[in-house]
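*Asks:* Please read through the structure below; I'll follow up with questions.
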Amino acid sequence: MAAPDPIAAAMGVRGCLRAVSSYSSPQVVVVRNGHLGTAYRALQLLVLLYFTGYVFIIQKGYQEREMGPESSIITKVKGVTQSPSKVWDVGEYVAPPEGGSTFSILTRVDISPAQAMETCPEGRAVANATCSSDQDCVPRDTDTSGHGERTGRCVPQAGGTGKSCEVLAWCPVDGDSISESLAEMASQFTVLIKNNIHFPRFGFSKGNIQASESGYLKSCMFNTTSALYCPIFKLGFLVEQAGEDFAELAEKGGVIGVIISWNCNLDLPDAECNPHYSFRRLDPKGALASQGYNYRFAKYYNWNGTRSRVLIKAYGIRVDVIVHGQAGKFSLIPTIITLATALTSVGLGSFVCDWILLCCMDKEQRYSSRKFEQVSPGCRCG
């Protein structure tokens, strides 16, 4: 193996040192070209307009910002309605009763016949429930779509139209339910939405209720212009603002979103920070499967010493209250950063014009020789 050449190694080290110790100084070359000059000034103007109009004025680039306030929501529903069998008050048609950011209002119920815990044939609609003998029914087996635990016996179905496996469940599992509508007066229910927000970075808090007197909320109703700080809405108003038909929604159920936006410029007085409300339907309206909104619950009672229940399939309008927003306030650090970015970006015009001169114009060689010049300054010692 040949020994390394010490002269070549020394030259390589000297070249690296020369590259490290070199300095590139910008050289000003005046190019008298009307088209290029116009393009240069136009680029500078666009950059200045962008930072002045969009970054500073619209985006408020001089502000420190906080996204997403801390928020609390309390809701309350009032009203009375009736179905063919009874009168319903707020304690029965609102769930859950605590009054949080998500709640549902019943608008239709399917009530099953009275049920008791005993053995009976499995429902006809359950897969693999039909049988011809006891061997087809595995004891203590359960089905996720079934109603109970199988006993191992194959018994006649209700009505004598075949056989199915017997189950220990709330019986009868099949029965003609009674449908009752609660929507007759539901559109007139009033919904109070109390919202308080806090931006901890700026120590700023505000709520969507500003009552001038103690009884203000008893007589007011929300209006965007005249009663912005009266957050009491009729249920029919929420559905209408979401672009839905109340009768159709009450029949099949659905989810309505109430979106409260707080976008606050804290450089202005507190009175300029106001809530903005918008409404829309959140569940897919045209879904082929699992359309609408419904759930089941049971009411239990004792009848002649037997624990019984009534199963209710409830259709309703679920209301989701969603709060978001942001706050901004003048701060020196983002202002300096934005100004430095703007001043740096102004130099974009020079870069573009240099590229055009070096690559696209017929005098690029002449410009290149004037633009880039190597100088080796001498050093007088001693």
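Backbone N, Cα and C define each Cβ position, glycine as well.
As the structure is a computational prediction, the values presented were derived from the model and not from experiment.
So TrEMBL says this about it:
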- Lys76, Val77, Lys78, Thr190, Asn294, Tyr295, Arg296, Lys313: ATP binding site (BINDING)
- Cys120-Cys171: disulfide bond (DISULFID)
- Cys131-Cys154: disulfide bond (DISULFID)
- Cys137-Cys165: disulfide bond (DISULFID)
- Cys220-Cys230: disulfide bond (DISULFID)
- Cys264-Cys273: disulfide bond (DISULFID)
- 336-358: transmembrane segment (TRANSMEM)
*Asks:* Under 8 Å between C-beta atoms and at least six apart in sequence, can you list the same-chain neighbours of Cys171 (disulfide bond), or say none if there are none?
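*Replies:* The answer is Gln115, Ala116, Met117, Glu118, Thr119, Cys120.
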*Asks:* Give the maximum pairwise CA distance in Å, whole number, for the residues Lys76, Val77, Lys78, Thr190, Asn294, Tyr295, Arg296, Lys313 listed as binding ATP.
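*Replies:* Comparing all Cα pairs, the maximum is 24 Å.
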*Asks:* Pop the Cα-Cα gap between Lys76 (ATP binding site) and Cys131 (disulfide bond) into the table, whole Å please.
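*Replies:* Computed Cα spacing between Cys131 (disulfide bond) and Lys76 (ATP binding site) is 51 Å.
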*Asks:* I want to check the contact list for Lys78 (ATP binding site): same chain, sequence separation of six or more, C-beta distance under 8 angstroms. What comes out?
*Replies:* Val90, Phe189, Thr190, Leu192
*Asks:* Determine, using Cα-Cα distances only, which of these recorded positions is closest to Cys273 (disulfide bond): Lys76, Val77, Cys154, Cys165, Asn294.
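*Replies:* Going through Lys76, Val77, Cys154, Cys165, Asn294 one by one, the closest to Cys273 (disulfide bond) is Lys76.
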*Asks:* Would you identify which of the recorded positions Val77, Cys131, Cys137, Cys165 has the most other C-beta atoms lying within 10 angstroms of its C-beta?
*Replies:* Cys165
*Asks:* Taking just the CA atoms, what is the gap between Cys137 (disulfide bond) and Cys154 (disulfide bond) in Å?
*Replies:* 7
*Asks:* Just the number: how many Å between the Cα atoms of Cys220 (disulfide bond) and Cys264 (disulfide bond)?
*Replies:* 25
*Asks:* Of all the binding-site residues here, Arg296, Lys313, which one's CB has the most other CB atoms within 10 A?
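*Replies:* It comes out as Lys313.
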*Asks:* Can you grab the distance from Tyr295 (ATP binding site) over to Cys165 (disulfide bond)? Cα atoms, rounded to a whole Å.
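*Replies:* If we compare the Cα positions of Tyr295 (ATP binding site) and Cys165 (disulfide bond), the gap is 27 Å.
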*Asks:* So among Lys76, Asn294, Arg296, Lys313, all listed as binding-site residues, which is physically nearest to Cys230 (disulfide bond)? Use the C-alpha atoms.
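*Replies:* Spatially nearest to Cys230 (disulfide bond) by Cα position is Lys76.
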*Asks:* On a C-alpha basis, identify the one among Lys76, Val77, Cys154, Lys313 that is nearest to Cys264 (disulfide bond); the candidates are the recorded positions.
*Replies:* Lys76
*Asks:* Which has the fewest other CB atoms in a 10 Å radius around its CB: Cys220, Cys264, Cys273, the listed disulfide-bonded residues?
*Replies:* Cys220
*Asks:* So if I measure Cβ to Cβ from Lys76 (ATP binding site) and keep only same-chain residues at least 6 apart in sequence, which ones fall under 8 Å?
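*Replies:* In sequence order, the residues whose Cβ lies under 8 Å from that of Lys76 (ATP binding site) (at least 6 apart) are Gly99, Val191, Leu192, Lys194.
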*Asks:* To the nearest whole angstrom, state the Cα distance for the pair Cys154 (disulfide bond) and Cys165 (disulfide bond).
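*Replies:* Spelling it out, the Cα of Cys154 (disulfide bond) and the Cα of Cys165 (disulfide bond) are 5 Å apart.
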